[in-house]
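Heads up: the structure comes next, in structure tokens.
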Amino acid sequence: MLELKPPLVLLSGPAGFGEYLKLMDHRYVGGVLLKTVTLHPKEGNPTPRMADSDFYVINRIGLENPGIHAFVENIPELPVPMIASLGGDSFEEYLEVARVFKKVADRFYAVEFNFSCPNVKEGGLSIVKNAEEWKKLLNTLRKELPDSFLIAKVGVEGIFVEDAAEFVMKTGWDGITLVNTVRGLHFEKDTMILGGLSGPVLKPIALRAVYEVKKRFPELFVIASGGVYSVKDAEEFLKVGADVIGVGSALFKDPGVVEEIGKYLLEVKR
């Protein structure tokens, strides 16, 4: 089982490549889940890329990243454990990204594969919808990275999280991140912004997902992702069995909340 002290990570996407650590006391951060990296560099989507309200954030970054080859040559040096995040648009791309990453895998605490980005044309979603292909990919990646702690990042669209968790367990993976953003739409005056929905509005969905998965597979490692903006939010995710609490879009609102949650997680008895 992966152990982080405190059991709190800055989530892939908002955390970038660890830049937000400069804004907080890293003693209260257990680790950083780095920005998702793909086989080829991605420029991301055109602006506007973000929109928010009191209850949600819509982002359509589009997995902007330098590509896996540039990434392995410029791995950030951070004072906390790093978890890599890898993505792809096809079976072959996921496999090639894993092969390149394998050269530096021992520098990371774990590696997450993003199978659920809603802001790019494919982003792994099409593979997850094809159960047999996804199971084949999970098996192949497990064999490619036999010594890594493997985490699958999934959403709630295209597959039931309990089924996704079962595939992850049966193929020898170690954990799952629940949940990624869901598709949303926001109007900024007359501009329509389509992207991934996150923030407080996502918390009830994420809580239910974590609850259902841990009820059925208590031994599966779960990173809770979705609407953690306060100590109370973190407490509720612990109650449904989350092993690690992820903080994402809250970083845009108030990075200071990370220290508050981190202090709580260091003190709480589990």
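Backbone N, Cα and C define each Cβ position, glycine as well.
Annotation source Swiss-Prot lists active site, nucleophile at Cys117.
In the three-state DSSP reading, Thr36 (FMN binding site) counts as strand. Among the features that Swiss-Prot reports, FMN binding site is placed at Ser12, Lys35, Thr36, Asn114, Lys153, Val179, Gly199, Gly226, Gly227, Gly248, Ser249, with the record citing similarity to another entry.
Residues or ranges marked as substrate binding site by Swiss-Prot: Lys35, Asn59, Arg60, Ile61, Gly62, Leu63, Asn114, Asn180, Thr181. Classification of Arg60 (substrate binding site) by DSSP places it in coil, neither helical nor stranded.
Of Lys35, Arg60, Gly62, all annotated as binding-site residues, the residue with the shortest Cα distance to Gly199 (FMN binding site) is Arg60.
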